[in-house]
Each structure stands twice: as C-alpha cells, then as structure tokens.
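Since the structure comes first, as structure tokens, the remarks are kept for the end.
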Amino acid sequence: MKPDPANDNPKPCQICGKPSAEKYRPFCSARCADVDLHRWLGGRYAIPAVETDEPDDETILPDDGNASGDD
Ligand SMILES: [Zn+2]
C-alpha cells in the first residue's frame, strides 16, 4: 500500500503556517483564505474598473469591388 500524496499536505498554510486543510487548500481554514483574498482585493493588486462606453454598432466595411466581378 503506497502512501497517498493527497492525504498528506506538505505545503503549510500561506497565512499562518499551519498544515493546510484539504477543503481550504492551500490554506488551513476559510479565515486564512479570506485573509489572502483581502490581500488581493485591498492591496496593490487592486485592478481599476475599466468601462467601455462605446456603442456596439455594426462595423460596415467599405466595398472596393477590386477583387470581384472584374469581367
Ligand atoms: Zn492558516
């Protein structure tokens, strides 16, 4: 019977260093996962919202007629 790697978590929680729980990997608990999430949302990783205010009109391409019906 070989050891199951999924049953053993070699990586500790990135927040507090406790053994990570399988349910909250790579963290040990929902709280630590939440802490990491807020680091992303509230820190320098914050991404400014970009709104495009352009109308979604159909793009009509000009027909030159050079490559068709040249007979
Ligand atoms: Zn933790």
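Indices start at 1 and increase along the chain as displayed.
Cβ coordinates are placed from backbone N, Cα and C, and glycine is handled just like the others.
Keep in mind that TrEMBL annotations are predicted by a computer and have not been checked by a curator.
Pulled from TrEMBL, these are the features on record:
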| type | residues | note |
| --- | --- | --- |
| BINDING | Cys13, Cys16, Cys28, Cys32 | Zn(2+) binding site |
| COMPBIAS | 51-61 | compositional bias 'Acidic residues' |
| REGION | 49-71 | region 'Disordered' |
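The Zn(2+) site is defined by Cys13, Cys16, Cys28, Cys32, and by the 8 Å test on Cβ atoms against their centroid, the other residues of the chain that qualify are Pro12, Gln14, Ile15, Gly17, Lys18, Ser20, Tyr24, Phe27, Ser29, Arg31. The binding-site residues under consideration are Cys13, Cys16, Cys28. Their Cβ neighbour counts within 10 Å are lowest for Cys16. Other Cβ atoms within 10 Å of the Cβ of Cys32 (Zn(2+) binding site) number 20 in total over all chains.
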